[in-house]
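Chemist: Here it is, the structure in full.
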Amino acid sequence: MATNENLPPNVIKQLAKELKNLDESPAEGIKVGVNDDDFSIIYADIEGPAGTPYENGVFRMKLLLSHDFPHSPPRGYFLTRIFHPNIASNGEICVNTLKKDWNPSLGLRHVLTVVRCLLIEPFPESALNEQAGKMLLENYEEYARHARIYTGIHAKPKPKFKSGAISESTTALNVDQSNTSVLNNGDQKNAAVSAAVPLQSPLAPCTMASKGGNSQDQLAAVGPIHETEVSGSAAAPTTSTLKKDVGLSKVQAVKKKMDARKKSLKRL
């Protein structure tokens with residue numbers, strides 16, 4: 001199944017749409033396939049155009065899409081060996097559409113069509129294969145003979161891409177994206193519920209332990225009892241004690257007055 005790790009979701013969605021369209025309505029002489037392990041690699045089988053040295057050949061190529069596609073052009077490579085001025089020995093394709101003339105609005109159909117047209121009209125002035133470019137300019141017949149030899153040896157019909165493979169891959173990819181979207185929505189809902197339930201701040205005071213818990217833990221949770229509170233409540237005078245103290249004071253005062261009167265009478 002194709003993955004979308006290398007490309008953003010909006011690009012994946014657009015590619016899936018284009019690939020499905022190419023699968024259901026192929027461009028002339030072009031059959032497209034996808035890499036089930038990496039959706040950023042697009043394969044295509046290009047039929048050699050009639051009337052060219054590549055006629056009757058089938059050339060497999062690939063487009064590599066970078067993570068910032070379509071802002072940057074894909075890189076094109078022929079996987080089938082070919083004798084062509086604008087295709088290097090390592091298969092790299094040199095065409096302005098994939099270089100300076102690139103436009104993010106260009107689709108896969110346009111890119112693949114341009115590559116096939118390159119087999120009809122090469123540009124020896126910007127050759128990657130200098131031998132082919134020089135031969136094309138100086139001796140077309142010799143160039144054509146070399147190209148036909150390469151075509152006959154290397155460009156034999158390839159095993160066809162699995163029928164409906166693109167539709168299956170794009171459908172599976174869309175399902176994956178839908179599932180990812182559902183999961184993301186679920187995470188967002190869970191986050192919303194969590195946000196709705198007030199969470200205790202780590203700086204908030206501890207609460208009492210549950211019933212049946214360790215009593216020492218419960219006391220520790222409540223906090224220390226200050227000694228001033230205990231001593232203050234123990235030493236606090238009662239009402240009866242105050243009344244007794246007032247009565248004794250009055251008795252003592254009266255007794256002092258009586259003693260003073262007795263002393264004065266004895267003197268008389």
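Glycine is treated like the rest: Cβ placed from N, Cα and C.
Remember, predicted model here, so these are calculated numbers, not experimental data.
Not my notes, these are from TrEMBL:
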- 10-156: domain 'UBC core' (DOMAIN)
- Cys94: active site, glycyl thioester intermediate (ACT_SITE)
Chemist: CB neighbours of the residue listed as 'active site, glycyl thioester intermediate' within 10 A?
Modeler: 18
Chemist: What are the DSSP helix, strand and coil residue counts for the domain 'UBC core' (10-156)?
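Modeler: Counts, helix then strand then coil: 58 helix, 26 strand, 63 coil.
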